[in-house]
Amino acid sequence: MERLAGAGVSPGAGYGPAYVMTGAVPEPAPGARHGGDPAAEAARAEAAMERVAAELEARGEAAGGDAKDVLAAQAMIARDPALSADVTALIGDGTAAERAVFEAFLHYRDILSGIGGYLGARAADLDDIRDRVVAELAGVPMPGLPRAAGRPYVLVARDLAPADTALLSPEIVAAFVTEEGGPTSHTAILARALGVPAVVACAGAASIAPGTPLLVDGDTGVVRVLPSREQVAATLRAARERETVPAVPAAPGATSDGHPVALLANIGGPGDVPSALRHGAEGVGLYRTELLFLDRGQAPSEEEQMAAYREVLTAFPGKTVTVRVLDAGADKPLSFLPPPGREPNPALGRRGLRVLRDHPDVLAAQLRALARAAAGTSAALRVMAPMVATAEEASWFAAACEEAGLTCAGAMIEVPAAALRAADIAAVADFLSVGTNDLAQYAFAADREAGALAALQDPWQPALLDLVAMAAAAGVPCGVCGEAGGDPALGCVLVGLGVSSLSMGARALPWVRAALARHTLEQCRTAAAAARTARTPAEARAAACDHLPGLP
Ligand code: PEP
Ligand code: MG
């Protein structure tokens, strides 16, 4: 039995055979020839295209909703008679089926790319279908996520894109393990929201052989290869026991001496609302709207957006719902919001509000959809902008909100410059919300996707606490919606720094509520001051916990 170690980023344990997600399907060799029977080769190609079409259709049926239409359209492409005629013609000239498929798709890809715009963006769909047909012909694993494999499997990948993670379901994926990725990467955040145990930054994961039984502990970050039966039973049992949620009064979040702290949920769409309500969310502190549209080639219509926003607003009558406008770019590219050119470093390029300033029509449509969605509901809608760096940007966003009839406009504090000048931003924003994930990434110049830099991403870093303190003292309500808010002890420290609300993945809510309910505001303040005098994250936690009895 081998033991691998990484960072446990989504709690719970999972056991199953490894499904190793492959990277790109290799390009069939140029000039590859078939054995001399064009009719048989053409029939082989035809059958592969039909199998891929049928598989795409079946996936669509299983997924339902928008995915069904998208996958049905892809199946139609795989069955396209003109494409099939081109493949047959190339095979007639002696080209092997794999290469013929590759070249025929290339031809159509060039045509679409040349047209540009919406059709240009569909070129990537063609690549996916092509790779599937080539994989089918070559007998190699399909790219992307597998369909239900009969029993839950452990997904193993070098890295997973948020767009792939969003499609995972705990019924099919027992756990996932990646070689790359950090604890605050969007992939880790989505895994927590979905309840899929996960370990990232796990050295050696990419060389696990397909089908190998794996036991993944998302709390400790340990991955056991070929575990014993006893080991599996003990780890799964321990994880179930840890899941026992503390019994906390259903009262609104507050310290033991009654200082109110709104405890809100981070959500990625209406699908996350039931869990938020079940875990006692008093509203929504971060609605990551870009997660709704990761797979889109075209901007979603106002109607569609309105429906997705209204569903959430009506679930929280009389409560705060904080919607973040599309935060595109870096690891969450939206193909309908492209940056103006190639960016050498997308995380430092046009993302968040910067992208929306390049596409003001998309922002205006989203704000209109939000205003229409809120009309007639009793939820208190707050709208906020991601990646604000200056007061001028915050002011531009507030004006756009006002134009759409939205009365509460805020700014996320995710860039150190914004934290340093939070008072200037507060002068033009109704509220602030600290995104500690990006704030740590930019303050420490440490990519949040890079597993090897996870220590610099530690939200207990005293420098990060200093920046949060600046935002909290800026003069308008200031919450935290980064992953830091979901750590019970750190939640107390953030409250001690002056933060008025904490927003987190729903599963963390009962733990944070219980921690706050056991400590006074004064204890939180003393703990915060102690943490800020420390030099390292470990010392900061230890110093804070000295003043927060009962917290580890
Ligand atoms: C953050 O950066 O802390 C945040 C909440 O936004 P996201 O994680 O979606 O970038
Ligand atoms: Mg962010």
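Any Cβ shown, glycine's included, is placed from N, Cα and C.
The feature domain 'Phosphotransferase system enzyme I N-terminal' is assigned by TrEMBL to 6-122. According to TrEMBL, the feature domain 'PEP-utilising enzyme mobile' maps to 153-221. If you look up TrEMBL, you'll see H186 marked as active site, tele-phosphohistidine intermediate. Annotated domain 'PEP-utilising enzyme C-terminal' per TrEMBL: 249-519, in sequence order. Annotation source TrEMBL lists phosphoenolpyruvate binding site at R288, R324, N437, D438, R448. Look at TrEMBL and you will find E414, D438 tagged as Mg(2+) binding site. The active site, proton donor feature in TrEMBL is assigned to C481.
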Field: Listed recorded positions among H186, E414, C481 whose Cα sits within 10 Å of R448 (phosphoenolpyruvate binding site)
entry: H186
Statement: the domain 'PEP-utilising enzyme mobile' (153-221) resolves under DSSP into 16 helix, 19 strand, 34 coil
- prompt: Among H186, R288, E414, D438, C481, which recorded positions lie by ligand 2, judged by Cβ under 6 Å to any atom?
  reply: E414, D438
Message: Give me the count of other Cβ atoms within 10 A of the Cβ belonging to E414 (Mg(2+) binding site).
response: 26
Message: Using only C-alpha positions, which one of H186, R288, R324, D438, C481 is spatially nearest E414 (Mg(2+) binding site)? These are the recorded positions in the record.
response: D438
Task: For R324 (phosphoenolpyruvate binding site), write down the residues of its own chain that are at least 6 apart in sequence and whose Cβ falls under 8 Å from its Cβ; none is a fine answer.
output: L286, Y287, R288, T289, V383, M384, A385, P386, M412
- prompt: What is the interatomic distance between the Cα atoms of H186 (active site, tele-phosphohistidine intermediate) and D438 (phosphoenolpyruvate binding site), given in whole Å?
  reply: 11
Task: Between N437 (phosphoenolpyruvate binding site) and C481 (active site, proton donor), find the distance joining the two CA atoms and give it rounded to the nearest Å.
output: 9
Neighbouring C-beta atoms (10 Å sphere around the C-beta of N437 (phosphoenolpyruvate binding site)): 23
Task: Specify the secondary structure state of R288 (phosphoenolpyruvate binding site) as given by DSSP, simplified to three classes.
output: strand
Message: Based on the record's binding annotation for phosphoenolpyruvate (R288, R324, N437, D438, R448), what whole-number value in Å is the widest Cα to Cα distance?
response: 20
Statement: On the domain 'Phosphotransferase system enzyme I N-terminal' (6-122), the mean of the pLDDT values is 86
Those residues of the chain, 6+ apart, with a Cβ under 8 Å from that of C481 (active site, proton donor): L264, N266, G285, L286, T322, M412, S433, V434, G435, S503, M504
- prompt: Among the recorded positions H186, R288, R448, which residue has its Cβ surrounded by the fewest other Cβ atoms within 10 Å?
  reply: R288
